[in-house]
């Protein structure tokens, strides 16, 4: 009888874990479904233009505000030193994902134009919104193994914010350049649409305009010119002028071309700048005392940033849902490619994650805080990053294919992320 009682208790605990892990994913799916509904032609609240504008607001305002305000509030010099393994862990998710993506491309012989997209989807998980929704929600659930709700909530937000900040840096330095290289090989060059033009900071535009009349800028990509995108026209040079191009001018052009190839300013996407500001405030106690807390004299700035940041997750999730409409209308992407990406993200990566994190704990690289270990494990079991959709829009390659992949991944996330969350909680409890 005692054994049976224990079994029932264990089953009850497992059921509690499943409920604790399914709730956050359900929240994401409900908001995604709402976004999809708002994009339907008959409703047309989140049409193509509305999505672009909302995407821009998220990219430039909401995301940086969310990252900066959370880091400023929850990150201190002490816990940054404790959390040193997290950037390394996230780097492992990107590297292992890329290698598995490369194997997938070899097996399925994916079309060249889609290879950057496949690598991006395998490498980059949704390290921002998902952990920031899942971790606090798991803390609040009754069956969670993480102890005191308030302490769990606060630490969880610190871990989630750090995860989002580091993910954004890797995303715009590593994945962005992989996708750009493949898209520029498959077409005449990236189509810089509204988002791309906006992202290059205003200073560059002014600089370009002031130099436009005096010297040669980069030649226009043919596709950009023919498709009517707003680009700077170049003043044609006479042959007499061409002969006089000095060595320094050529060097400058070479540096410009190199700068375009490895688009370094994307590294300083607004999210990255938000992360830098947040770290600075969090790690300098005097600054944190001025801006953060009920008695801080300048708390109004932190509160305003928090208020803006709260809009980031709902807005991104609505846009994700709206973008899935394209996926529902169908595209050319082959089934083995989609199935392969799902296997990489929901089977191969989480298993690798268990090995990496458990080894790190065993060798003493990671402290024995169950919530911290749970976050490190969760980073291996997430659907592809929503920013992949933004990037495919940016380069104009594989937009509908990207929608199909994201639709399939997020539809399965409810099952996969729930099961892995329950397994991870059981492993760290």
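Any Cβ shown, glycine's included, is placed from N, Cα and C.
Remember, predicted model here, so these are calculated numbers, not experimental data.
Record note: among 229-253, 404-428, 404-428 is the stretch given as transmembrane segment by TrEMBL.
Between the transmembrane segment (81-105) and the transmembrane segment (157-176) there are 3 or more Cβ pairs closer than 8 Å, counting only residues 6 or more apart in sequence, so the two stretches are in contact. 404-428 is the stretch from 57-75, 117-137, 307-325, 337-365, 404-428 with the greatest number of Cβ pairs below 8 Å to the transmembrane segment (14-37).
Residues 128, 132, 154-155, 157-158, 160-162, 164-165, 168, 195, 198-199, 269-271, 273-275, 277-279, 281-283, 288, 291-292, 302, 305-306, 308-313, 315-316, 319, 390 of the same chain lie 6 or more positions beyond the ends of the transmembrane segment (57-75) yet place their CB under 8 Å from a CB of it.
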